[in-house]
Ligand code: WT7
């Protein structure tokens with residue numbers, strides 16, 4: 001914890017506070033604390049009231065069923081359809097002609113889809129899925145760039161009741177293969193390629209490589225995006241534009257049960273195998289629409305932009321489902337923030353007059369590094385509210401964001417949540433909460449978070465411990481796909497009757513939460529979660545490697561960078577060429593986001609007597625700290641030796 005303590009010390013010295021500005025409170029959707037009080041009095045009644053904002057084909061009988069905990073059920077026997085709620089119900093209002101999605105491609109092309117347009121595209125796509133043999137309950141893997149076809153495909157799946165599994169376009173063929181096989185997808189939706197920094201990401205090529213070992217997949221639907229030549233397998237592959245041109249408009253939405261699966265999203269954990277986090281229909285939609293509306297203070301004339309990729313949960317909940325359920329205009333951008341110039345984000349804000357911007361600390365730190373001249377050359381005066389997510393934001397980055405992007409006028413909502421939580425759980429309400437830079441502040445109404453010690457007892461205010469959730473919330477994951485035991489073991493076993501987040505946190509004298517990052521073997525690179533075990537397995541898969549230990553090492557922009565300690569098999573030399581080869585191997589196995597920043601060869605790894613690698617000590621070495629407790633090591637001299645070698649190599 002030594003490093004966390006230092007970070008925390010710095011954070012706690014942070015005593016600036018920012019109450020909501022009067023101009024903001026005046027128009028805010030939530031202006032006072034009455035919602036918190038209401039939810040505290042009766043949590044279920046609070047969520048039931050929020051559920052009234054959703055259109056149900058059949059109302060639920062019971063808000064929350066705890067009889068088979070931790071397999072909770074929300075809105076029992078309620079029937080609804082997510083795509084109906086995100087599209088059809090807006091068609092009876094003036095929003096029919098409102099922009100639902102404003103999309104900008106990296107090369108500078110753009111598209112605007114009104115709710116009416118979205119209806120046409122989604123119902124056509126739903127009919128295409130049916131024609132390709134997809135039935136209610138079948139899984140569909142979606143491996144697409146950030147183009148409108150991605151939310152269209154997701155909504156089409158939701159319409160016919162086929163759970164989707166979106167795989168981030170930066171994942172490799174092998175990662176894609178494993179995710180397809182885990183959920184036994186019947187159809188894959190991909191594109192010829194996607195644009196990234198002027199180059200093409202070869203999605204179809206990766207998909208073809210993956211499908212060599214995916215027997216469940218019958219058909220592939222391919223969007224033409226980049227237009228380069230691609231392999232086309234007759235009878236298996238279908239062009240999106242050809243199928244869509246033939247498909248009729250209009251498709252009855254399936255009446256789904258509140259607890260039917262809406263999607264699976266894979267995320268890294270503490271083992272080598274990614275977990276398929278399962279989200280369901282009713283509670284999820286209630287959770288994401290409520291939090292989206294209140295935390296981002298959504299008004300009908302807002303242009304809202306979340307810069308995440310839809311391949312992550314942030315994009316699922318706060319680009320697609322939350323905003324569209326609220327009838328909001330959501331902006332989508334395909335490419336990189338520094339293409340063609342480092343002001344691309346600010347050019348987009350200026351071009352579309354974005355009012356609400358939701359991004360990640362790692363992006364903010366990159367902007368800081370690039371300098372204020374980039375935002376300075378654009379008109380950012382449309383912005384009224386800013387948000388962050390993905391990792392703790394350092395107060396310095398918070399202040400920079402506040403000053404240079406928000407012009408000291410816009411509140412910042414620092415939102416804590418996880419793939420598993422589905423929705424934001426700890427966050428300010430911008431018209432109510434006094435902000436403290438670096439703190440995600442307090443739990444959302446109807447959410448019961450706490451900081452506990454090893455035995456599950458609340459620690460006193462002013463101290464640190466484990467972040468837990470003491471009661472269920474509507475958008476919570478329901479299970480791990482195909483592995484309910486892992487669901488129970490991972491989240492509900494560490495403490496009795498509490499959900500364990502895997503994060504460390506402190507609460508201060510005011511009850512504000514200060515998240516300190518993961519306490520398990522999960523690292524956070526640029527706001528993306530990576531399991532150390534996964535990267536270690538990728539390294540050990542290389543013929544030269546005997547053993548590997550991977551840690552997250554503090555990094556100026558990424559927050560953490562992947563750093564690997566590797567022991568080689570007899571007869572192999574730790575050459576610079578081998579380092580490059582190993583990095584490429586990890587990219588091939590997992591994807592570019594897992595590429596180690598550095599690889600250090602060592603004769604041995606520090607282990608406990610029972611053989612567990614002590615990554616904590618390797619972190620101490622990599623970050624140049626005094627070594628922590630070494631008394632549990634089988635051979636304490638190993639770690640001293642590594643430290644010496646490491647430091648001599650660094651200098
Ligand atoms: C982990 C979840 C939720 C979408 C993005 C990441 C860290 C997330 C914050 C925040 C401090 C944060 C936590 C969490 N995290 N938001 N505002 N402040 N830490 O989703 O990949 O499931 O990762 O990200 O460590 O457990 P994810």
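Glycine too: its Cβ is placed from the backbone N, Cα and C atoms.
What TrEMBL records for 196, 197, 198, 199, 314, 526 is CoA binding site. The ATP binding site feature in TrEMBL is assigned to 390, 391, 392, 414, 415, 416, 417, 418, 419, 503, 518, 529. Annotated Mg(2+) binding site per TrEMBL: 540, 542, 545, in sequence order. Here TrEMBL flags 34-86 as domain 'Acetyl-coenzyme A synthetase N-terminal'. Positions annotated as domain 'AMP-dependent synthetase/ligase' by TrEMBL: 95-473. The feature domain 'AMP-binding enzyme C-terminal' is assigned by TrEMBL to 534-612. The feature N6-acetyllysine is assigned by TrEMBL to 612.
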Under 8 Å by Cβ from residue 390 (ATP binding site), counting only residues of that chain that are 6 or more apart: 314, 360, 361, 362, 524, 526, 527, 528
Tally of residues which DSSP labels helix, strand or coil - the domain 'Acetyl-coenzyme A synthetase N-terminal' (34-86): 22 helix, 11 strand, 20 coil
Three-class DSSP secondary structure - residue 540 (Mg(2+) binding site): helix
Among 199, 392, 417, 419, 518, 542, the binding-site residues whose C-beta sits under 6 Å from ligand 1: 392, 417, 419, 518
Cα-to-Cα gap, residue 545 (Mg(2+) binding site) vs residue 417 (ATP binding site), nearest whole Å: 36
Rounded to the nearest Å - Cα separation of residue 518 (ATP binding site) and the residue listed as 'N6-acetyllysine': 19
Chain-internal residues near residue 419 (ATP binding site), provided their CB is under 8 angstroms and they sit 6+ positions away: 265, 267, 277, 312, 313, 477, 529
Cα distance (Å, whole number) from residue 542 (Mg(2+) binding site) to residue 199 (CoA binding site): 28
Three-state secondary structure, residue 518 (ATP binding site) (per DSSP): strand
Across the domain 'AMP-binding enzyme C-terminal' (534-612), average pLDDT on the 0 to 100 scale: 94
Around the Cβ of residue 518 (ATP binding site), the count of other Cβ atoms that are within 10 Å: 18
